[in-house]
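Asks: Copying in the features that Swiss-Prot gives for the protein in this structure:
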MOD_RES   Ser2  N-acetylserine
DOMAIN    2-87  domain 'ACB'
MOD_RES   Lys8  N6-acetyllysine
MOD_RES   Lys8  N6-succinyllysine
BINDING   Lys14, Tyr29, Ser30, His31, Tyr32, Lys33, Lys55, Tyr74  acyl-CoA binding site
MOD_RES   Lys17  N6-succinyllysine
MOD_RES   Lys19  N6-acetyllysine
MOD_RES   Tyr29  phosphotyrosine
MOD_RES   Lys55  N6-succinyllysine
MOD_RES   Lys55  N6-malonyllysine
MOD_RES   Lys55  N6-(2-hydroxyisobutyryl)lysine
MOD_RES   Lys55  N6-acetyllysine
MOD_RES   Lys77  N6-acetyllysine
MOD_RES   Lys77  N6-succinyllysine
Amino acid sequence: MSQAEFDKAAEDVKHLKTKPADDEMLYIYSHYKQATVGDINTERPGLLDLRGKAKWDAWNQLKGTSKEDAMKAYVNKVEDLKKKYGI
């Protein structure tokens, strides 16, 4: 998986005709963060930040996943979303 393919997928996902479902967006977010930052490096958000906690939990589940694997999963998911929602 090349950085260029990953960067293209990151741009493509911004131009989907329809916004993906929340679970799909969490998948995209968590794999993007794992590919670009690595293992989670922040504290879990507070009790009232439900959206922040969901994003944190999704990213935290990928702890230990390699950058390459996260990039590959991200690009594959974006390709699926492009077929499902159009671009």
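Note: Cβ is positioned from N, Cα and C throughout, glycine not excepted.
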Asks: Taking only the Cα atoms, work out how far Ser2 (N-acetylserine) lies from Lys33 (acyl-CoA binding site), in Å, as a whole number.
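Replies: Pair distance, Cα basis, whole Å: 16 Å.
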Asks: Quick one: Cα separation, Tyr32 (acyl-CoA binding site) versus Lys77 (N6-acetyllysine), in Å?
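Replies: It is 11 Å, counting Cα to Cα.
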Asks: On a simple 10 Å Cβ count over all chains shown, which one of the recorded positions Lys14, Lys77 is most densely packed?
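Replies: Per the Cβ count, the most surrounded site is Lys77.
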Asks: According to DSSP, which kind of secondary structure is Lys19 (N6-acetyllysine) found in, if we only use helix, strand and coil?
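Replies: DSSP call for Lys19 (N6-acetyllysine): coil, neither helix nor strand.
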Asks: Counting Cβ atoms within 10 Å across all protein chains shown, which of the binding-site residues Tyr29, Tyr32, Tyr74 comes out on top?
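Replies: Checking each of Tyr29, Tyr32, Tyr74, the winner is Tyr74.
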Asks: In the structure shown, with every protein chain counted, which of the recorded positions Lys19, His31 has the densest set of Cβ atoms within 10 angstroms of its Cβ?
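Replies: When each Cβ's neighbours within 10 Å are tallied, His31 leads.
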Asks: In sequence order, which same-chain residues at least six apart have a C-beta under 8 angstroms from Lys55 (acyl-CoA binding site)?
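Replies: Set apart from Lys55 (acyl-CoA binding site) by at least 6 residues yet with Cβ under 8 Å, we have Leu26, Tyr29, Ser30.
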